[in-house]
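Peer 1: One structure, pasted below without further comment.
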Amino acid sequence: MLQGNLSGVTEFNLAGLTDKPGLQLPLFLLFLGIYVVTVVGNLSMITLILFSSQLHTPMYCFLSSLSFIDLCQSNVIIPKMLVNFVTVKNIISYPECMTQLCFFATFAIAECQMLAVMAYDRYVAICKPLLYNAVMSFQVCSWMMFAVYSMALIGATTQIVFMLRVDFCKANVINHYFCDLSPLLKLSCSDTFINEVLVLSLSVFNIFIPTLTILSSYIFIIASILRIKSTEGRSKAFSTCSSHISAVAIFFGSLAFMYLQPSSVRSMDQGKVSSVFYTIVVPMLNPLIYSLRNKDVKVALNKFLERIFSCKQN
């Protein structure tokens with residue numbers, strides 16, 4: 001499948017975040033720290049939700065799925081990025097590049113759709129609490145998650161199939177720190193009009209539509225919060241919503257900057273900075289924003305740790 005490149009280019013050179021030697025070690029240490037926090041945070045959330053019966057609800061089912069997506073996305077991007085900081089030539093073979101692109105697209109699309117599903121879940125919980133158990137049943141949640149991963153696989157597979165038809169000539173330096181669609185298309189010596197249209201179409205479907213879903217859900221949620229008579233209740237609800245909206249804004253804003261504009265006006269240097277947010281920063285922040293600030297999670301964590309310590313003592 002990965003033999004679609006007929007141009008003879010067998011490997012690419014990743015330009016990385018910066019070409020300044022003095023920044024390589026500090027950036028390596030910074031992103032290594034981010035990677036450790038990301039892996040520990042998301043693995044902790046998955047484990048806690050899995051072994052805490054009180055967290056076996058639709059909301060936390062979606063949260064564990066989001067943590068799984070973030071964990072996978074960080075493993076697709078960061079390890080290769082760290083290696084590139086400490087090597088002279090940042091080489092990636094053509095099959096490895098297409099494989100990284102495929103997994104990146106899969107988990108990026110899955111995160112977009114999962115965030116929309118989570119916003120809808122909160123809308124039903126806050127605006128229609130009496131219907132929540134019926135609307136968000138186990139069967140419905142299962143179908144929602146199946147739809148999220150199906151759309152991700154279909155979207156990523158479509159991108160890769162058309163990407164394999166693109167020819168590359170002598171230029172093989174990717175102006176990025178991972179194999180992304182836009183910098184790869186800039187290296188092509190064949191017609192990429194279909195690919196550009198496909199990128200824009202899938203971006204609209206996977207960025208613009210989920211963003212509208214999330215905005216609509218939170219408009220209704222905020223309207224419901226404003227009807228809460230208790231000042232403390234309104235303050236607590238707004239605090240939770242504002243943190244969620246901040247994470248969503250960072251993720252979708254950086255994605256839109258990279259993919260919802262024509263390649264002719266897109267700056268790759270600015271694109272690399274925006275990519276850091278949706279590929280590295282957001283997966284680290286999500287466990288903190290969505291879960292660790294949550295009272296139910298804190299209670300479940302205390303009980304989980306108590307069980308572990310009691311087992312060790314016995």
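Quick reminder: no glycine exception, Cβ is built from N, Cα and C everywhere.
Keep in mind that TrEMBL annotations are predicted by a computer and have not been checked by a curator.
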Peer 1: Which is it, of 73-92, 273-292, that TrEMBL names as transmembrane segment?
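Peer 2: Checking TrEMBL against the ranges 73-92, 273-292, the transmembrane segment one is 273-292.
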Peer 1: Pick from 166-189, 238-261: which stretch is listed in TrEMBL under transmembrane segment?
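Peer 2: TrEMBL lists transmembrane segment for residues 238-261.
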Peer 1: In TrEMBL, which of the ranges 2-26, 27-51 has the transmembrane segment annotation?
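Peer 2: The listed stretch tagged transmembrane segment in TrEMBL is 27-51.
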Peer 1: Taking only the residues in the domain 'G-protein coupled receptors family 1 profile' (41-290), give me the average pLDDT of this model.
Peer 2: 87
